[in-house]
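S.K.: Take this structure first; my questions come after.
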Amino acid sequence: MAVGWFYLSVLALCSLGSMCILFTIYWMRYWHGGFAWDGSMLMFNWHPVLMVTGMVVLYSAASLVYRLPQSWVGPRLPWKSGHAAMHLLAFLLTVLGLHAVFEFHNHAKIPHLYSLHSWLGITTVFLFACQWFLGFSVFLLPWASMWLRSLLKPIHVFFGASILSLAIASVVSGINEKLFFSLKNGTKTYSNLPSEAVFANCAGMLVVVFGLLVLYILLASSWKRPEPGMQAEREPTRTRGRAGTPEVMLEGERGLAEPLLQKRS
């Protein structure tokens, strides 16, 4: 049952994440003319798409790598490398998104970093950069001791969830700000809820629901990878491998691995 709920949640996340990206693309194409890379308003339209894709969807996918049951066994290095690579890709898309909005502001002679949305966003990106550097240097490179990693892991996990929360707040405030700037004239003010406002509000709600589901999976203790030190505290259950060799499975892993064992038998 546990593994079923986990993969059902992953399927829901994939659907919600895709919808968040597609809704943002459609909003920028249908109501704001599409995309370009020339310093115009069409270049700005890349900003929400890249930020939602990088800071929310890809960032969340990278954060959930260690929740996959397949990552609980075998060497950790491939999973660590995948985790770091996905976060790096998310960061690169985020930097492109920032470049798009800064270039548009330069072209249109608009001041930088004056709104609450921009303060939230730049703080989130700064924390993301620090988080990635800390994770790469301490948890991926081999120099750090187990004591140091154990000390920094709770901090790394806390800021991982905090950065996602800040990213969601930045996206929601950015959607709100964009609508206030776009819907100015008397025929389609934001308060009258024209079709663009309804659509963009729905896109924002999708981002919020997506983020809450990601945070739930990250915080659910039954879906976390068991710590190596917990093996001695849990009663091991012996099963038979495919070739008849004994395998040791922790009690906390049995629920997620049960379907695999049934297939083997």
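Just so it is clear, glycine is given a Cβ too, placed from its N, Cα and C backbone atoms.
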S.K.: Would Swiss-Prot put S118 and G34 on one side of the membrane?
M.R.: yes
S.K.: Can you see whether the transmembrane segment (3-23) and the transmembrane segment (198-218) are touching - at least 3 CB pairs under 8 angstroms, only pairs 6 or more apart in sequence?
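M.R.: Checked: the transmembrane segment (3-23) vs the transmembrane segment (198-218), in contact.
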S.K.: Could you count the residues of the topological domain 'Cytoplasmic' (67-83) that DSSP puts in helix, in strand and in coil?
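M.R.: Going through the topological domain 'Cytoplasmic' (67-83) residue by residue, I get 12 helix, 0 strand, 5 coil.
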S.K.: Going by DSSP, is S115 (heme b 1 binding site) sitting in a helix, a strand, or coil?
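M.R.: Once the DSSP labels are grouped into three classes, S115 (heme b 1 binding site) ends up as coil.
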